[in-house]
Amino acid sequence: MYGFQDPSLEREVFGLKFPNPVGLAAGFDKDARLIDEMAMLGFGFIEIGTLTPKPQEGNPQPRLFRLPEDESLVNRMGFNNGGVEEAVQRLRKLKSHVLIGGNIGKNKVTPNEQAVEDYLYCLDALHPYVDYFVVNVSSPNTPNLRDLQEKEPLKKLLLAIVERNKTKPHPKPIVLKIAPDLTDGQLDDIIAIVQETKIAGVIATNTTIDRSKLSTPAEEVEKIGAGGLSGRVLSSRSTEVIRYLSEKSGRSFPIIGVGGIFTAQDAIDKLEAGASLVQVYSGMIYEGPGIVKNIKKGLVKYFQSKKATS
């Protein structure tokens, strides 16, 4: 029903062979409970997490809200997960051979000065079971986490992860997930850091704390309170960030584009801006499981028409 594959969709990125460029973003399957089921929907890759060393409950409920007028979501989950060891037990029993990304973070109680240890703990635990790693320093729902996006702390964190990764028999690609709320100057720092640390690439972007583009009445939005905003309303900003990183870096590293992808055209916009792969989350909530097949079919048409005119 959902199976659809075409050779034109295949991609090699980070040295990995992706059957298609449409992935499931982190946050949907935090604890690696649904990988086999999600693989059946036709995703080219699935990102689990964010996982932390110790289990944590996250923020009090309610913590996920729909804004139907904007086809968007507000979440303040707060890295709720069963801990990395529990996820590893599930990964050991997997039946499908889908590519898996491990999105890793720090526990809420861990001070930023000791964050490196949390990321290394997760890297070690997950290393045999995932195909690439995502360093998440961009969630707005863990206090002070975004401070780790600043140049010096970020460089220190990534270098420690890269060095630990090198000690493994088969080092895995390391990518950085960034916020859409960074200034151009901060994005320039990100480019420099990616090039200096030699990580594999960037995921652009996480959720935004900006509410200025919403059509939902302000009082309704205020009632919901804090949290990261995702969905349709994030689409243009995440594409802008992708374009900026791609152009300013001279396309020197791959980018996974995420933020407001609901249709094949949304995915095409991200690819044309410079993304090599894309991921969906809110689009899956609003459009349902058929979204993957629809995007892939639209991409095949796009690649065919591009070929015909080149």
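Glycine too: its Cβ is placed from the backbone N, Cα and C atoms.
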Of the candidates K177, K306, K307, the one that TrEMBL places in the FMN site of A26, G27, F28, D29, K30, T50, N103, N136, T205, G231, G260, Y281, S282: K177
Three-state secondary structure, which DSSP defines for K177 (FMN binding site): strand
Max CA-CA distance, Å, over listed FMN-binding residues A26, G27, F28, D29, K30, T50, N103, N136, K177, T205, G231, G260, Y281, S282: 20
Rounded distance in angstrom between the Cα atoms of N206 (substrate binding site) and G231 (FMN binding site): 11
F28, R76, G78, N103, K177 filtered to the binding-site residues whose C-alpha is within 10 Å of S139 (active site, nucleophile): R76, G78, K177
